[in-house]
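Here is what TrEMBL says about this protein:
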- B:17-38: transmembrane segment (TRANSMEM)
- B:50-71: transmembrane segment (TRANSMEM)
- B:83-101: transmembrane segment (TRANSMEM)
- B:177-198: transmembrane segment (TRANSMEM)
- B:210-226: transmembrane segment (TRANSMEM)
- B:232-251: transmembrane segment (TRANSMEM)
- B:263-283: transmembrane segment (TRANSMEM)
- B:295-315: transmembrane segment (TRANSMEM)
Amino acid sequence: MSDLVAGPAPVEPPGKRFNWLVLVYVLMTLAVIGGAIFFVVGGAGADPTGGCGGG
Amino acid sequence: MAEADPAIAAGGSITRWWLVATVALTLSAICAGVLLAPPESSRVGPALTSLLFLGASVHVGSTAWFYGVPAVRCHMWRNPKRYLVVPAVLVVATVAAVLLVPRSWVPVGLLAFFAWQFFHFQKQNLGVAAIAARATGSPSLVPSERRAIVLAGCGGTAALVGRPELLRIAEAPEVPGLFAVGVAVFAAAAGYGVVAVLSRTPTGRSPAFLVVYLTSLLFFAPVFLFDSPYAAVAGITIAHGLQYLLLMGLLAAAPNETGARSVVGVLVLVNVAVVVGLGLSQASHFHEAHGWTRAFYGIYLGLVMSHFVIDAGLWRLRDEFPRAFLTQRLPGLLARRSTPALAE
């Protein structure tokens, strides 16, 4: 009954809804990158070919 | 340079951006390897360590992203030998080798591994030059131009195998004269390639294509110019990886088969590449391990070789699926176009 008086609910403009999934992925990516930097830079270094297989 | 070339203009900003970024990343990576190379007997610094992680392990790890793309996965199931069987065999065989083979044989095995790795580098450079020809509307690479790039890579690879200290392989056998052979082959191939590409008509050799071709042809030059392993090798390792990650990033960011584009696709690529790359990087440190944990080192070597095999299939533009998939995702780079002069 109140809808007939007040009218239909306003339509949300397109593109305005915040994409929480993207935020989760961004935060996850930052955590992964941070963890990688911690392990790699704090580790045993690298040989010129990128691994540590030079013996 | 790019604005004067109508073919580059037709490809749009992505063509210009890719051409500039490819050359800039290649040259700056090589310079970084030279400038950040530590003095002998000093530890490599965090900046170069990070760049090597990105250019080596992360780029190899990013190949795993392909297994998550439905169209590519379908293609892999239809071609199980290259994409499933051979990688599995490589990993199992390499694990068996590192666990069972006498340690004195390991340096020889590593030389063979690195020879394949550097040949793989040059095959990518050949692919980059071929893409540059398409993207700039230049005629495809002719056999002499392709041969020159491949031979230059063979020269660089021979030189590295001939000087295993540049690869920091302890107790590797030295092959007398192999470095000199590498010098001769590289120099001859470089000259041959320059003559071949300059014999194109002016409309068939846009400045952008020429720069990319010459960068590919002379890619192994640092190997002959520097005695420091990092100055000679690290830069080209990083450059190879960054070229690959650039293309992978463009693929992940491109609209998929349904036309949908998602930033999440790029983030998935980054996560897969970094996580798998971190695993590879950590596994590579088990080369000195004893007992069963040494198997991780075998897994690392096997997965890197699998990357060589998978890449050789997925980026082969002469084959129907890679051509269709890559052209659909990267039309700005790979859709065939020609300059008005060539079309007449």
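Glycine residues also receive a Cβ, built from the backbone N, Cα and C atoms like all the rest.
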Which stretch, B:50-71, B:83-101, B:210-226, tops the Cβ pairs under 8 Å count with the transmembrane segment (B:232-251)?
B:50-71
Contact call for the transmembrane segment (B:263-283) against the transmembrane segment (B:295-315), three or more Cβ pairs under 8 Å:
yes
Are there residues at least six beyond either end of the transmembrane segment (B:83-101) with Cβ under 8 Å to its Cβ atoms? List them, or say none.
75-76, 109, 292, 294-295, 297-299, 301-303, 305-306, 309-310, 313
